[in-house]
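Novice: Encoded as structure tokens, here's the structure I'll be asking about.
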Amino acid sequence: MSKISYNSTGVHIDNGIDTINDCQNNMPSVLDGDFLNLESATVTIDGNSTDTERTPLNSSPHFGQRLKTFFFGTESDSGKGYSEFSGKQADSGRTLGAFAGVFAPVALGQFASQLFLRTGFVVGNSGLLETYSQLFLAYFILIMTVLSICAISTNGAVEGGGAYYMISRALGPEFGGSIGFLFYVANVLSCALYTVGFVEGVMQNFGVGGSFTSDTTGLPVDSDWWKYLYASTSLFICLLICIVGGAMFAKTSAFILLLVVIATLSVFISAFVNSDNIEVEIPKTNDYAYRHVNETGNDTKVYGLYTGLSAKTFRDNLMSNYTIDYSTDNMMDYATVFAILFSSVTGILNGANMSGELKDPSKAIPRGTMSAVFFTFTTYIILCTLVAGTSTRFLLVNDYVYLQQVNVWKPFVVVGIFASTLSAALGNLIGGSRILQALGNDQLYWFILKPATITTKGGNPLISVFMTWFFVQLVLLIGSLNAIAPITSVFFLLSYASVNLACLSLEMASAPNFRPTFVYFSWYTCLSGMIGCMIMCFMISPIYASVSLVIMLVLAIMLHFRSLPSTWGSISQAIIFHQVRKYLLMLDSRKAHVKFWRPQILLMVANPRQSCELMDFCNDIKKSGLYVIGHVRTGKLEHCTMDPILEETPRWMQLIHHMKIKAFVELTLASTVSEGFQHLVRISGLGGMKVNTVCFGFFDDILPTDSLIKARTKKRRFFGSVDNGGLSEFESFFESPRTGNIKHLSADEYVKLILDALKIQKNVFLCRNFQQLNKDEVLSSPYKSFIDVWPVNFFRPETASYFDNTCLFMLQLACILTMQHGWKSHTELRVFLCVKAVTDSSAVKEKKLSAFLKQLRIQAKIVIVSFEHLYQHLNSSLESPASKSSPYSGEPGHQMNDYAQVPDDYLRAVNSLLQANSSRAAVSFFYLPRPPLQQKDYIRYLSQLASISDLTHPAVFVHGLHPVTSTTL
């Protein structure tokens, strides 16, 4: 064993440490205040002390040496009882190397049913040239997927669960759990498939009338229950091997691979030894071949010709000649033959499934998998070439197992068939049990898979093995290999596509921590593999592919709503960050156009416990725009031991999540609220996505209520999920609403905030009475409520005939509100046309306003209101706009957004008018004049705004600076 210790002089490796995690956990405390000297470190391994030197940058191994190191390792890779990367003693449960744990299972999975049973059939239909193209296409997809497997497996420690572990840790629990379930089902189906194939080989050779028996002796085969008995017995043997554990499985698979290799070599040798013509009897089960023989009696036999190596036979088998499959009576074509070939080589993840038993998965999986893929590909190329040069096409397409009849010793091929199918079933049984154990350990499917986590003392998931065996027993009741094969292939291909997707996502996210030691991959290899897998899914069976994808999506949605806490990390967050950054750089504020304007709101909140209704209201009118909730905490950083904002921000984010508000949180620490507000209004947003509108609550003496308990929280309880943090928890997070007249701001400071926002060229709106907004009542009422817009500056009533940017901004906000879900069907927009007196010209003004609203595509009801009775409350100086001393001197429209003091009687009359016309109003929008320049007028300004908005429903004062509507395309 080796131990790594850190000090101020260097690194010392010695005996005694258990895991690399211990080293990592100790590093901060050991290195605190010191430095790590790697140039003159003394390294002690197995009692030998050596001085290390820094490796020159130009001394990296060349490409050939890298390939040699990749496939064969280095001298230090062998003969050690500890992991090279972790410096720890090998776990007693991790005993397998690259050959026994990865190479053998993958090679056997690739040889499962294709090697001896379908190679001749494929060549006979497709011809040698198209067979080559099919092999190259199939192995191209496989190699692209293997590259992704190698990349993911070398980017960190791989635990038990294999492909499921890699996919779930890359894509997150939602897709990882759903794909893991499909991959487990694929292993169950595949185990049943190969078990049935093994039983069919047994019955064909040792059943009544088989190759090694007579017509009266042999195993009974006259009932499907006999077949089920033989399959159950074979599966029970596999179960016994799995119960022993992974090491026994590895030893068994290595021995079985040896048998398969010997059988394959016997086929190669037979092609050269058998130089004479051999007539091979076509099996009686081939009804298609015997139907074309003249009726000469029951003893008529049909033969196919084995020519040995022949140039003529080779030329005859070069091109394709698709015919009818005698077992299904279906016409073959390129796609169906390719599907048969590809469904037999889906074992590339068998090694990854053994990751829990591998001593060093990060090294063993890439080396073993890549070596096995190249080995099986070479074997298939040689075998297809020899088959094309030795057998006539008639023999190839009419006898699946003819290789057994022409071998130098028949039992060789029989042993190969049995060994390849039985070992493939064994590999899927143990691989599936490891996936089920990993799913249970992650607790994604509640308590259902809890028993699957029970293991023996040696780490063998015994209960998981029994559960998988039981499910395979159920699938065996189907009985037909052809019925199981297509859906099995589809499920495996989906798993392969998911592996490619996981690697592609990691590569596209450009996360700095994704730096696998395996470097022979890129984003286009991942994309090519994923596209190839999806094409093959639908080529094999569009129905099965569609159903499988639906199941995967349903499970993903279910796990998403389950919202399990996970420390795995989700690749979706990394991809979102990467894409958002990219598109924010492309978002150019200089190219902004009024046609695509939307409100980007900064809502200033002093205490969220008294502002929940307003926070929800702003969420409704943002119209998919930027929505930032800002808060200023007064104080100085030098007076704090740490930044208090770091502690408060998660609480605010939790509240927003609880209220289901789509907003960002921006908190700042400043000496004054005014200073902090300037920070927020300038820096909120990013790039071309900046705040253009500021919202304030209203400044008055009304005591606020605790609106948190009335907030529209929409608590989610689906599949056991509950929102984090209840109301009582939020009450402890934030201070209670004020109960006296003590405020964080004075009236003067509040007005200065409005002026500051206007100076920075931000639109402003002030919201009052929102504690009286009962949104649920508005949206559930059988009667429609009104959204009222009063596009007139009540402090300059003679400007009522003019529309400026503020009036258009009011209309835009009100229109947006009526477009939102719920508000749209339960509210109606009203625009009040204020005239000095109702005369014939009023109808003309109404017509003009109606045409203008039509140009803006705003559907609203126009209500004419007379101001005639209000003017009697104005003094004589205000009644003479022509007077130079009057605040109304000059063109009225030019002074429309200014504030002017008016008598209190006039404001009370205005308030009465508003109440008389707003009995069913849900929200009213009013004109907000620019605050006065003189500070002495600030309190008067606020009090007069309060007089106007003293209503029983919410009121919004709006001041706009920029055009926000467009009448052009």
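Including glycine, each Cβ sits where the backbone N, Cα and C put it.
TrEMBL lists 96-116, 136-158, 179-199, 228-247, 254-273, 334-352, 373-396, 408-430, 518-537, 543-561 with the feature transmembrane segment. For 112-602, the entry in TrEMBL reads domain 'Amino acid permease/ SLC12A'. Residues annotated as domain 'SLC12A transporter C-terminal' in TrEMBL: 613-700.
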Novice: Please report, as numbers and ranges, the same-chain residues at least 6 past the borders of the transmembrane segment (228-247) whose CB is under 8 Å from any CB of it.
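Specialist: Those are 93, 95-96, 101, 191, 195-196, 198-199, 202-203, 219, 354, 356-357, 422, 425-426, 429-430, 433, 456, 458-460, 462, 465-466, 469, 472-473, 476-477, 479, in sequence order.
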Novice: Relative to the transmembrane segment (179-199), which of 96-116, 373-396, 408-430, 543-561 accounts for the most Cβ pairs at distances under 8 Å?
Specialist: 408-430
Novice: Considering only the recorded stretches 254-273, 373-396, 518-537, state which has the highest number of Cβ pairs under 8 Å to the transmembrane segment (408-430).
Specialist: 254-273
Novice: Quick one: DSSP breakdown of the domain 'SLC12A transporter C-terminal' (613-700) into helix, strand and coil?
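Specialist: Counting residues per DSSP class in the domain 'SLC12A transporter C-terminal' (613-700), I get 39 helix, 24 strand, 25 coil.
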